[in-house]
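*Asks:* Starting off with a structure, shown below.
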Protein chains: 2
Amino acid sequence: MYEGAVQDLIDELGRLPGVGPKSAQRIAFHILAADRDDVQRLVDALTEVKARVRFCTICGNVAEEELCRICQDPRRSAAVICVVEEAKDVVAIERTREFRGRYHVLGGAINPMDNIGPDDLSIKELLGRLADGQVQEIILAMDPNVEGEATAIYLARLLTPMGISVTRLASGLPVGGDLEYADEVTLGRAFEGRRQMA
Amino acid sequence: MYEGAVQDLIDELGRLPGVGPKSAQRIAFHILAADRDDVQRLVDALTEVKARVRFCTICGNVAEEELCRICQDPRRSAAVICVVEEAKDVVAIERTREFRGRYHVLGGAINPMDNIGPDDLSIKELLGRLADGQVQEIILAMDPNVEGEATAIYLARLLTPMGISVTRLASGLPVGGDLEYADEVTLGRAFEGRRQMA
């Protein structure tokens with residue numbers, strides 16, 4: 001129904017997560033009416049992210065160099081690794097200021113419905129990080145839902161025989177939700193109360 | 001908390017209408033993980049819209065040339081003008097296939113709270129279109145809310161003394177809502193049942 005370029009933009013915006021057809025239309029008309037400079041800043045930000053941001057070769061977190069800021073930071077303990085599903089979970093945990101170790105980003109959770117098995121996650125890379133014997137504790141910080149629990153149980157069975165202390169974030173996280181939406185206090189308390197697994 | 005380029009993108013996305021900080025973060029991480037080609041298509045769509053889309057010099061609708069598709073179309077009656085607040089309202093009305101005249105996009109509604117008065121709308125341009133005496137009916141299709149009603153009453157008082165038939169879309173539109181969200185049937189019925197004003 002729209003002129004070509006407007007409809008193209010609505011279509012592209014509609015592909016973004018959480019943006020329905022009506023939101024896409026609303027955003028497109030906002031863009032139409034917006035200052036050219038404002039739109040250019042958005043375009044530049046999109047281009048920059050794709051050009052500059054990659055994933056840390058150690059932990060899989062978002063990085064602008066070969067290693068992410070946390071893996072580069074010598075003050076972060078190499079004895080504890082907190083395993084999360086996604087890079088945005090790292091940010092949520094960093095906000096609590098409870099954790100001073102390193103991270104490992106799995107890239108998802110085991111989910112047979114979506115055909116995601118252990119081989120689709122960066123578990124081999126995690127095991128590689130344990131080879132030098134420095135790591136004493138692994139904190140499993142998967143989302144408190146079915147897939148997250150399944151992934152935690154899988155990893156606990158894999159890691160505990162290796163003599164590493166494996167813990168899981170305490171309840172306190174609302175069950176069925178997304179870790180990234182937890183508020184700092186709840187998430188901080190969950191960190192404090194983490195319990196031994198298996 | 002994020003690496004520079006990611007935070008920049010989250011900030012820019014957060015400026016879009018209806019995109020809160022959590023949605024901005026979700027979209028940014030989607031962009032991070034997305035195919036470079038997909039992101040390029042979005043960037044191109046944004047750039048194209050700003051480069052190619054402008055506003056029709058006659059009616060103020062979205063256009064890719066000097067005139068919009070409707071003002072260019074000789075089959076559309078020049079005897080009836082439907083006055084709307086925004087270009088997206090044109091699309092909503094076109095979907096009903098009830099209307100075969102032309103449009104006039106005001107660029108908003110009278111709203112003293114936001115300091116938008118008649119001079120901020122393209123009312124002078126509308127009056128200019130009436131000079132040649134071709135227009136016999138003006139249909140006021142403002143949003144069925146306080147600002148839309150105020151604008152309709154203002155225009156009716158201005159236009160009826162000129163001997164032009166001024167109508168307002170019939171009720172049937174849910175009061176307090178946005179015209180653009182009405183379904184085709186409701187909006188079509190509102191068109192059919194439009195009533196004489198003042």
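Note that the numbers count up from 1, one per residue, in the order the chain is shown.
Glycine residues also receive a Cβ, built from the backbone N, Cα and C atoms like all the rest.
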*Asks:* When you get a sec, could you say which of B:40-55, B:56-71, B:72-87 is annotated zinc finger by TrEMBL?
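*Replies:* Spelled out, TrEMBL records zinc finger over residues B:56-71, not the other listed ranges.
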*Asks:* How many of the residues that make up the zinc finger (B:56-71) does DSSP mark as helix, as strand and as coil?
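*Replies:* Taking each residue of the zinc finger (B:56-71) in turn, the totals are 3 helix, 2 strand, 11 coil.
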*Asks:* Over the zinc finger (B:56-71), what does the predicted model average in pLDDT?
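*Replies:* Result for the zinc finger (B:56-71): average pLDDT 93.
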